[in-house]
Structure formats: structure tokens, C-alpha cells
Amino acid sequence: MVIGDGVLTPAVSVFSAVSGLKLSMVNEQHQYVLLPVTCVILVGLFALQHFGTHRVGFLFAPIVCLWLLCISTIGVYNIFIWNPHIYKALSPYYMYRFLQKTQVGGWMSLGGILLCVTGSEAMYADLGHFSQSSIKIAFTAVVYPSLVLAYMGQAAYISRHHNFERNHHIGFYISVPEKIRWPILGIAILAAVVGSQAVITGTFSVIKQCCSLNCFPRVKIVHTSSTVHGQIYIPEINWILMILCLAVTIGFRNTKQMANAQGLAVITVMIVTTCFMSLVIVLCWNKNVVFALAFLLFFGAIEAVYFSASLMKFHEGAWVPIIVSFIFLTVMCVWHYGTAKKYEFDVENKVSISWLLNLGSSLGIVRVRGIGLIHTELVSGIPAIFSHFVTNLPAFHQVLVFLCIKSVSVPHVQPEERFLVGRIGLKQYRLYRVVVRYGYRDVQQDSLQFEKALVSSIAEFIRSGDSDQNGYPDGSESPYERLSIISKGLPFQEADGDGSPSPESSARKDTNPILVSSKSRRVRFVLPENAQINSQVRNELQELTEAREAGMSFIMGRSYMKAKSGSSLMKRIAINFIYEFLTRNSRGPAYAANVPHVSTLE
């Protein structure tokens, strides 16, 4: 329903704001202008999302303050001009009298009354932008009084104007003095855009959290601010929301049906929030269950009345949020189920260290020159893809690196904290694990720079002696692997086959180089002056040098899921069709875009 609200709020807000053209334009010209203008504003709103809210965010507060000032001022004006006694309507007694007199008709009208609060919940759409205190103060001291004055002013005007020539006159703009109607129309459109922006940003945040919890397919997440983590942009979701907004606007073409749809979406979100809040009271605040139950019954009963009234408008547009929510719920459930089963398979089929040790010093295969990078999501253990290669291929690279690339929730990761290196198994295996961490604002290096940084980090890991404390020399499997942070890699120089240095390398006099020649490329590590290294470290560095000269291959594994024979029809449809479709059309891992295709084995 949150995503449904993200679809309906921009459509309803912009269409309602533009509907003021009905009174501002002569004759019936508005019927040819209203829909195109709304669609143009919606397209422009979503097209500008990739710039981020921080570029135009400084305009949001003045626009909202100006809008609240205008509606409250117009409300006070209408109260004094048309009906100064309208303040009596604040008493709940008149609400009781209204329901008593109208009965079923009054109960069904509660679905329309929801529109009085629709939009104000956008303040809570993304708490990542503001603190709780600022939202409480703003709503209590500014937003709520302005809304009450605005609605009291409209009620005062309507109480003295019962006869309208056309039904569309019953609205906000008819109570606005004619001389300022055009300026108010412009401010209303700007305020609608700002309110829609808050809901769209909140939808992006919800989708990102769902992706982090493996409840939604991988999408491209662009962080538009280096200081505020919550300001993000998701292209796929942005264009889906735009298409759905345009479809709702063009399909309904009136605020009544769109309002019915949005009312059901809003009250459903309120009910779900109340239910979860009762759990927070018990589990997080450690309050008595009776207190949580009283909270649930009191607010839940009120919201249930509005929900039942909104549900009666199902055939008048309220079906839209139900259909949209059902589609997204199906996608989320299928993706979460499939991802969980896939992870269980990876963990259950993880290769044990004992199996690795039984292969012998050569791992039972022929080792050829070069460095092999196996991409894996596992931070510990050996992925099943390794046993698959060892079983089916007669040869493998002399240096093998299990590479895991992780994205962390900080803007930038310092270069000296980016690489974590460890050893798998015995030293003679030449198996290493490297975890590379990137911040959400970091730009990943191209393949050439990444290869150099990777080899340099492994070389420093070997030289520093940290490798002696890693692995499992006694053959026992540890529940975790010790990884060392490599703050600065061991520099090395590359030269062409004729001995001329490459542009990246330069000669240093205070070095103790380890030089290994090759016909195509010559590589040497630059050791600190007077560095003391033993023969084992020297041999391991020389073998790494030879592997670097031979080249590097990127090995990527892909697993395919299929429902077991005998599974239910629903499970076969979910896994074999829906999950497979989502997997093929979702974003791949971030590192896949930087892997050179010529050196890739998938």
C-alpha cells in the first residue's frame, strides 16, 4: 500500500491542484487543458528525480510555508466574511449529530473525509531527512493549525452558498477570492509537486530497505548526496511510478475516483502502522501487553470505521491500490523465498576445509600460470563453484583468489581500509580470500587499476607476515577466517618486454626489487630498503609475480533455481516462472559492470 500511495499521491495532488483551471478559464476550455497540463507536470516531476532533492531542496521549505500561509489566511478571511460562528464545528458533538442524522450515508461519506488528512502523512514518509522532534513541532505548530483554518474557511463559505450551478464548484478554489485565484493556483501546483516529491522519495527509501532485506529484486540505487544517506534515486522504480501515475490520471480523468483510490491506500497504511506500533510498544518499549492492546483497540476501531467506508468505494476507483499492492506483494514474496532458498543451497554446499586438505599440495589438478579470480557472495568458506571447477576442469591457475565485493552504508571507504586479505588452507595452495569494500558514493575502479590494487594488496599481505596467522595449518576448520586490513599495498613496477618501463612505473633507487622476466611483460615488486624476508616469502612473491605476468582471469558463477519434482503448482509457477523472470531482468552485482568480457569465464 505504501507503493500504491506513491502512485496515487502525485496523480491526485497534481490533478487536484490543476483543477483550479476549471474556474480560472472561460467557457469550457479547461476540459482540453486540464489533462495535458497534469500529464506534463507529472512527466517533468519524474524526469527531474535523477538530479536529487538536494539541488532544489532549499526551495521546498519556502514553498510549503507560503502554501500553508496562503490557505490559513484565506481560511481566516472566509471565517470572518461568511460565518464567524463556524468555530463551533470543532466540537465532536456536531460529528455525532451528523452521523445520527445521515446514518448510512454519513458512514459512507467517511471515505471522502479521509482526503482531509491525505498528504499530511508525507511528512513521515522518510524520517532520514528530518528528526522526529522537527516533524512533531512542524506538524503540531504549523501544519495542523493551517489545515484546520483552511477547512473551517471552506465550511464557512459553503454554509452561505448552498446553490451551485456546477458540482465542481464545491471545492477549495471556489472559496478563494477571484482576484488572487491565479497566484494561488500557481502556489498550489508547486506545493503539490513538493508533496509528491516527499512521497516519491519515501517510496525509494522503502524499496531500498526491501532490497537490503532481500525482499525485492536488485535495482540500481543512485545516491544523489554525499552527506545525506537517505537521498537516493532508483531509475527503474521512478519510471514505473511515472507510468502508473499517467495511467491512473488518463484512465480516471476526475478527482473523485482517484480520491477514492488514495483514501483506501492511506487508511490501509494507517491500520498497518497501528498494528506494528502495538508490537513496538511490547517488544521495543517493554510496556505491558494490556497497554498495547488498549492502543490497538482504540485507534484500530476508529481506523476500521474509515477503512470499511473506503472499501465500499471499491468499484469507484478503490480497486487500484489493491491491485498494485497485490502485484508488488507477489514480487516481494517470491523474490524473498527464492533468495532464501538460494542462500541455503550455497551454505549447505559450501566446501569444507577438510575436503580441500585431502586433495594434496597440488589440489589434485595441474596448476597453470596466471591469477584466477572467483567472485563469490560468501565472506567465509569455499563456495560450491570451486568444487565444480576442480571436478570438471583438469587445470587451474597457480594463484587463486576468492573475491567478495561488499557495499557498506557509509559514503566513502578510505583506500587504506578497502582491502581485507586472508589465506585459505595451506600456504602451498596459493589460495587467498580478498574482501573489497566500497562506500555507496565510491566509484569502483576500472579493471586495470583494480587488478594492480588487488595484486599489490596480496603481495603486502604475504610480505608483512600476517599470512602466517591465517589459514588452517592443523587441518581443523575454524568457524571464521582471520582477515588482515591492508592499509597500503606493496608497490610494483611493470615494464614491456624490451625493458622499457610502463607509464605507471618509475625507477626508484632506494629499493630492493624482485625481478622476474617475461617476453611480454616484466613485473617486479618494490620492497622497502633493508627489508628482511625469508626464502618462503620470497618464493611466494615470485610466484605471484609470475602469475601477474601471465595475466588475470575473472571467473563468475551463476546458479539457476528450479522447483523440485513433486512440488505444488503454486511453487512451480513461483520459482520456475516468476523468480526466473525477476532474476533475468533484475540488476546484476555491482562489480559485474567493470569485469572485462575478454578475460571472463562464466
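Each residue, glycine too, has its Cβ placed from N, Cα and C.
Just so it is clear, the model here is predicted, and its values are computed rather than measured.
Database features (TrEMBL):
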DOMAIN    1-357  domain 'K+ potassium transporter integral membrane'
TRANSMEM  32-52  transmembrane segment
TRANSMEM  58-83  transmembrane segment
TRANSMEM  104-125  transmembrane segment
TRANSMEM  137-159  transmembrane segment
TRANSMEM  180-200  transmembrane segment
TRANSMEM  232-252  transmembrane segment
TRANSMEM  264-283  transmembrane segment
TRANSMEM  289-307  transmembrane segment
TRANSMEM  319-338  transmembrane segment
DOMAIN    370-601  domain 'K+ potassium transporter C-terminal'
REGION    494-513  region 'Disordered'
So which of 32-52, 137-159, 264-283 is most in touch with the transmembrane segment (58-83), counting Cβ pairs under 8 Å? 137-159
Going along the chain, which residues at least six beyond the ends of the transmembrane segment (137-159) come within the CB cut-off of under 8 Å? 65, 68-69, 71-72, 74-79, 81-84, 86-87, 89-90, 116, 120, 123, 170, 172, 174-175
Can you say which of 32-52, 264-283, 319-338 has the most Cβ pairs under 8 Å with the transmembrane segment (232-252)? 32-52
With a Cβ cut-off under 8 Å, give me the same-chain residues at least six positions beyond the ends of the transmembrane segment (319-338) that come close to it. 1, 3-5, 7-8, 210, 213-217, 244, 248, 261-262, 264-265, 268, 561, 574-575, 578-579, 582-583
Determine which residues of the chain contact the transmembrane segment (264-283) at the Cβ level, with the cut-off under 8 Å and only residues 6 or more beyond its ends counted. 1-2, 4-5, 8, 111, 114, 117-118, 121, 289, 291-293, 295-296, 299-300, 303-304, 306-307, 310-311, 313-314, 318, 321-322, 325
